[in-house]
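Enquirer: Sharing a structure below in structure tokens format, with a few things to ask.
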Amino acid sequence: MSSAVRIVEKQLDEILAIARNPAQIRNAGTLAHVDHGKTTTTDSLLMGAGLLSPKVAGKALAMDYVPIEQLRQMTVKAANISLYFEYGGKPYLINFVDTPGHVDFTGHVTRSLRVMDGGLVVVDAVEGVMTQTETVVRQALEEYVRPVLFINKIDRLIKELRLSPQEIQQRILSIVKDFNALIDMFAPPEFKDKWKIDPGKGQMAMGSALHKWGITIPMAQKAGIKFSNIVDAYEKGYVDKLAEEFPLYKTLLTMIIEHVPPPNVAQKYRIPRLWRGDLNSEVGKALLEADPNGPTVIAVSKVNKDPHAGLIATGRVFSGTIREGDEIYIIGRKMKKKVLQTYIYMGPTRIIVPYMPAGNIVALMGVDEARAGDTLVTPSLADIPPFERMRYISEPVVTVAIEPKNPAELARLVEALKDLVIEDPTLDLKIDQETGQILLSGVGTLHLEIATWLLKERTKVEFSVSPPLIRFRETVRERSQVWEGKSPNKHNRLYFYVEPLDETTVELIATREITEEQDPRERAKILREKAGWDTDEARGVWAIDDRYFNVIVDKTTGIQYLREIRDYIIQGFRWAMEAGPLAQEPIRGVKVVLVDAVVHEDPAHRGPAQIMPATKNAIFAAFLSARPTILEPLVRLDIKVAPDYIGAVTSVINKHRGKILDMTQQEYMAFLRAELPVLESFTISDELRAAAAGKIFWSMQFSRWAPYPESMLADFVKQLRKKKGLKEEIPKPTDFVEAF
């Protein structure tokens, strides 16, 4: 039995006693740019809880429990742990999540934030606030998660940069200023001032996770410690004394207890943001108070496959108490399930607990159909609204084809891939039913590399992986004429036009301000007031494609039997959006409008096999007559480089169809922000490193979709079609419908 399991079992009674008192619970996690030291920091917290030997803390990467994480020294999944800590004579339960820092794994961060009330943001003292720091802080603030700051790797300022005590102080103040600028930019208005970091109040710690020490300004003032003393500790070789006097775990856990709100406080402002139900109802009040005696409501943040126990759903109990044997209802999936076991997590280890009350993070066995983002409730609450859906900031834009060496193992491979997509919804799986071709899409090449490694580990199946391909989108640039779609039996006729969907509406869909599930009157009001839609169109929204950001609108009046075929038209619309007519890439940002219809009176002549193709073909014809184009994904680069190399770095970016968006200079460093196509990004890392003789930091993340250059568009579409085995010639509207 591992020491972690022994200690948790020893503390289990205390943990369960605290778990019923929300004031003594904190839900927090690490957030950071890649390689800024999150997991090493978490190791120090484990050491403080007695779960890791002091000799290996800082080296063990205990929360990196997937073997490839330890191999790559990088977190690729979010790991949970429950820590017992005494502070001010009281015991506390700190539910802690270690999240990935690499941009390819922001989906794991998104899911983790749902269960957190506070984020310990780790920043490298040399690199400072980087792109991914900005991304995770923005994500946290959108979920109303309060950030606190740990400036790590102070040892680098002393040993590598050889800064004086005064320069170290200036560097720290500069990072705090940059960090507060993010809070000013992204925090909810009511928290912009309250959540800014004030080092004098102990909301910022500095130290070295590697050397296991950390200190806040109030601690330093109380102990009479100055920056010169810290420099001396490194220069004269008594860093161990720093770690003895100011152990990092104690400093960080104290900062979390003092500045991360307990669940009964945090839920008062988080629930109105996360849940659209009636706050004055019994369940609404229980959610606001994190009431352990209220009805059970759980938000699922992740689902993992266990080879023995099946799918394990992890989430936060926002209200009530969940017990082994309880029946729960999965909203949206319309099914009841029985909880077979309840656990808390200790890295990779699950510890069985008899129950878990509101305010805590819990893992459940027996709810195999639950998915990340789902809401689980007491069956009597089946009709309440679910929690808001999670918003992922990166889209799967890189694709590989996977083929088993032995065709007989295809089914096994597909099953394992389906499990991977359940665990990580930012992966996208497409299987061609005719050819059996498997296409797996991810946020980036590393995302797919990790996914295929996991696939190999789990299945032991030999398979080949193609070089990465980029996913594109299709869209239109103007309104089309009206086109008629006839059903195959010629008994039904549907009339559509398409036009670009305005950016405001796309953003309303992306931020979940408008959804398919919400009250149509409420949705129509938002579309009128925020996006300028006319009343008839706003009321006529039939369906919202929130994956690719398209809508279908009914502008007809008095059409007989239209209600009976409405669902088939919506299915035809979704079918069309999955793969457009230009190059079978998904359609994005299009409004499809139904203006007229002739529907056969006999149900036998107006089934899905008649209505769906009529819908799809008419939409494709309209699409091709509305100046269609291809959208390509762009990445944003944030670069820090010595000023001498600005010219060389700019040349590399320009060579790859990139554009410099912004450039500033401070002291010995220049800061560049650029954008370039994902298609051009595969070799840029080596080229940037060579151009700047290695003296460069940079990070990349998904930026936006942009039209492919017009001058190269026709040839590019032909290339895409050829790669997919389609006729090179771009189709015409009359290839889908008769001239009308």
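Counting starts with 1 at the first residue shown.
From the backbone N, Cα and C atoms, a Cβ is placed for every residue, glycine too.
Annotations per Swiss-Prot:
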DOMAIN    23-264  domain 'tr-type G'
BINDING   32-39, 98-102, 152-155  GTP binding site
MOD_RES   HIS605  diphthamide
Enquirer: How many whole Å apart are the CA atoms of the residue listed as 'diphthamide' and ILE154 (GTP binding site)?
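Expert: Their Cα atoms are separated by 74 Å.
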Enquirer: According to DSSP, folded down to helix, strand and coil, what is ASP35 (GTP binding site)?
Expert: coil
Enquirer: Same-chain residues six or more away whose CB lies under 8 A from the CB of ILE154 (GTP binding site)?
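Expert: For ILE154 (GTP binding site), the qualifying residues are ALA125, ILE168, MET206, GLY207, SER208, ILE230.
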Enquirer: Could you tally the C-beta atoms, other than its own, that fall within 10 angstroms of the C-beta of HIS605 (diphthamide)?
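Expert: Within a 10 Å radius of the Cβ of HIS605 (diphthamide) lie 14 other Cβ atoms.
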Enquirer: Would you mind checking how many other C-beta atoms are within 10 angstroms of the C-beta on ALA32 (GTP binding site)?
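Expert: ALA32 (GTP binding site) is surrounded by 29 other Cβ atoms within 10 Å.
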